[in-house]
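Okay, so here's the structure we're looking at.
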Amino acid sequence: VSSDRRTEFVLVCLDNVVVLTYTPRVFQVSKKDFDGFKKLFHRFLQVKGPSVDWPKIHRPPEDSIQPYDKIAALPLPDSLADSLNKLVVVKLNGGLGTSMGCKGPKSLISVRNENTFLDLTVQQIEHLNKKYNTDVPLVLMNSFNTDEDTKKILQKYTHHRVKIHTFNQSRYPRINKESLLPVATDIGMMGENADVWYPPGHGDIYASFYNSGLLDQLITEGKEYIFVSNIDNLGATVDLNILHHLVSQPNGKRCEFIMEVTDKTRADVKGGTLIQYDNKLRLLEIAQVPKAHVDEFKSVTKFKIFNTNNLWISLGAIKRLQEQNAMDMEIIVNPKTLDGGQNVIQLETAVGAAIKSFDNALGINVPRSRFLPVKTVSDLLLVMSNLYSLEAGSLTMSQKREFPTTPHVKLGSSFTKVQEYQTRFESIPDMLELDHLTVSGDVTFGKQVSLKGTVIIIANHGDRIDIPAGTILENKIVSGNLRILDH
């Protein structure tokens, strides 16, 4: 069957799942979602083989990735408020907290002093608006998984000096891996249909933002750029040096897209990197790399930087590219298995992949401190500890730590869920002098424990280790069984 006929057949199936008893508003949203899915599915059927020709990959030219120090060395103007008033902060807020054992949106997990990711974001922007007397709004891109819970919580920020807008990512149908037909039977989300829809990756931001009408509204209000980042990256704060660099470019050379990259460590070998391809700056993800070249891609010597997903993008350019249907992003095919055992695929795109569609795109090699994602409970321990100080919603590495690098922390399966983790620490240990921590098995920590150097604590199956209050562990391996019981 030709790809056109296959697309047509799938769309007939999709049209059949649209139930006309839904409100006109829901029908309209579904229609836009299906139009977007139609384009993506059609492209998926047409693309054959790897999306990159490996010999055509080159390192980016020197001037296409600027060192942050060079940009930060330029003096900031007195008119910073003018620049800030052109800016919108957009946070990607589509994810759930399931990987950390939490229900609901990940942005509502407490990360520091009872503050959630969303609290910290609002505090950061409010601080900017008060300090510079500006109007930087916050926009949240929700998914159908997070929208309802997020909107309920937004009421608590009514009296903060931040305007908050939301829009929703698209909702696409998962596809049967064998038949390539949609698994959904109607557009409802309940019962059997609960897991047959998905949000199609953060590359969907361009179409959803445009379709929501919010993009046009912000342009009308005089906004020119968005700063986009993952809401769980606590290092992604508004950087005035990057913003000034962006708005101070001469008109003919106006940069439409900046991607913040940072130096790779061994922990980041799978992260997407910037390359030069067909005379354009392009994001290369591990999923696009031919198997024979995966080890080369992971090499820290050849590909030295990776994408932090902190992006600065021109609103006018997004509008132009959407209206010209010229936004070009590679398709990510993500295989999943549903609860009933059915194998499906979901077609996704990544926001950074559109870099090649924008004029005068640039990478900026930023300090590692601008990449502080909280993906696991091990990450959560780091940001809750005295390694970081909190001011106006921003976390910065404590000046008391002698080394600027973050310790390597690996907590075992007993710590996977936030609730379990909280019961195992009476208080967060002092980690200012810690280099490496591995904890495995049934382990608890008393109050005011101090960890220094390399500390490895292993409780074998059936054993339990209680680290007593006030303990100082420096370059120690603790194993066996240690119980402390109330007398």
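If you go along the chain as it appears here, the first residue is 1 and each next one adds 1.
Every residue, even glycine, has its Cβ placed from backbone N, Cα and C.
Keep in mind that TrEMBL annotations are predicted by a computer and have not been checked by a curator.
Keep in mind the model is a prediction, meaning the values are calculated, not measured.
Taken from TrEMBL, the feature UTP binding site covers Lys106, Gln169, Gly201, Asp232, Lys375.
Neighbour density for His202 (substrate binding site): within 10 A of its CB lie 24 other CB atoms from the protein chains shown. Marked as substrate binding site by TrEMBL: His202.
When the Cα atoms are compared, Lys106 (UTP binding site) and His202 (substrate binding site) turn out to be 15 Å apart. Among the record's UTP binders, Lys106, Gln169, Gly201, Asp232, Lys375, no two C-alpha atoms are more than 21 Å apart, and one pair sits at exactly that spread. With every protein chain in view, the residue among the binding-site residues Lys106, Lys375 whose Cβ has the most Cβ partners within 10 Å turns out to be Lys106. Within the set of binding-site residues Gln169, Asp232, Lys375, the entry lying nearest in space to His202 (substrate binding site) is Gln169 (CA atoms).
Sequence-distant neighbours of Asp232 (UTP binding site): residues of the same chain at least 6 apart with a C-beta under 8 Å from its C-beta are Gly95, Lys106, Ser107, Phe117, Pro373, Val374, Lys375. The binding-site residues Gln169, Gly201 differ in how many other CB atoms lie within 10 Å of their CB, and the one with the most is Gln169.
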